[in-house]
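Please read the structure below before turning to the comments.
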Amino acid sequence: MDIENEQTLNVNPTDPDNLSDSLFSGDEENAGTEEIKNEINGNWISASTINEARINAKAKRRLRKNSSRDSGRGDSVSDNGSEAVRSGVAVPTSPKGRLLDRRSRSGKGRGLPKKGGAGGKGVWGTPGQVYDVEEVDVKDPNYDDDQENCVYETVVLPLDETAFEKTLTPIIQEYFEHGDTNEVAEMLRDLNLGEMKSGVPVLAVSLALEGKASHREMTSKLLSDLCGTVMSTNDVEKSFDKLLKDLPELALDTPRAPQLVGQFIARAVGDGILCNTYIDSYKGTVDCVQARAALDKATVLLSMSKGGKRKDSVWGSGGGQQPVNHLVKEIDMLLKEYLLSGDISEAEHCLKELEVPHFHHELVYEAIVMVLESTGESAFKMILDLLKSLWKSSTITIDQMKRGYERIYNEIPDINLDVPHSYSVLERFVEECFQAGIISKQLRDLCPSRGRKRFVSEGDGGRLKPESY
């Protein structure tokens, strides 16, 4: 046994200086160093004692290192540590044991936000919570009597001239599409027109001058419905005064502006939004030629209304609102006037004024019937030229042209009862239209032809008489 201890001391020679660093720290190390030095110098200490001291010192260092982490259980650790030191067994501090520990390691948590109140973070109270009415403290130094019972209202600034035109132009253009005067009135009430109320009729009439007859009729209805709700009769009078003043400029874009403005004035007087003495107030005071022409037109229309003509028919009823019988009469008059004057452009203009592109097949039908009923070549050639012009200008579409010819093909047996030579005339006219490019080859081939009668004078040789039947 003594031999083994001597070998251990020889293998692990102990340096007194280094022993103090490896065994202890602080005051305990200093005290232990002095004792060990004395013991070593006395040559009576054993190797097992030195190994046990090393183990105990190492266990103490581990306990001190983990003391900051295990601050919450310092008493138990210190107790365990003292027991470990006495027993010579180290406290298990393996990494696996620390992973299974669910307590905080740094005292700051995992860095997640804390729950902020009953409704959670960023939520004001629980769902469905009703807040009390905030009571005003009279003793508050910032209390103001004017703040009690305040009623807040949205203030809309009045429109200037530029904003007025930009805002109202799309409103009136949309009105030409839907025709609802109530919707326009509601939109105008939301705007602060101020002194620009008289500009509404001016802008509406200016846009209607560039439109169709149906647009002018809708404008007259709009002015009649807005008067008394959005604007007054004085505003209407101011607007027509401005229109008469601006007629020279309006006539540059619309040459018929004086006559159209005169019709607007006559319609306004008939609707009761202009006084009957409005035209008389301008007598002898007008120097502008266009304004005088407008007033003269209004005077003529008003005088005609006294004889029985209604003032609400100055624009007629445009588009599909017209009855079919009325459209048939208008087209018949259009063709008769064309055969008398021969003016293709005027006939085309009158057809567009009817605003019934879905009814153009009636013109094709009536025109061909006139050709079948005519006795000379002039009507044949004039109707051919008219259809050719309307086809090239795309006034009459291919569908309307086809439908008009198909109506003739279906009714030719009845027409032939009144016009005996209708089949031969129709075949000739259809062939001429095909040569002019008005109809297609398929439509030409659909033209019906009546079987020719066999005359008694025809012999077995099959010779035909020179005249055709």
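From the backbone N, Cα and C atoms, a Cβ is placed for every residue, glycine too.
Within the set SER313, SER449, Swiss-Prot records phosphoserine at SER313. Per Swiss-Prot, the phosphoserine annotation among the candidates SER76, SER106 falls on SER76. Over the motif 'Phosphodegron' (70-76), the average per-residue pLDDT in this prediction is 49.
For the motif 'Nuclear localization signal' (58-64), residue counts in helix, strand and coil come to 7 helix, 0 strand, 0 coil, using DSSP. When DSSP labels each residue, the domain 'MI 2' (326-449) comes out as 100 helix, 0 strand, 24 coil, counted as helix, strand and coil in that order.
The local packing around TYR152 (phosphotyrosine), expressed as other Cβ atoms within 10 Å of its Cβ over all shown chains, amounts to 5.
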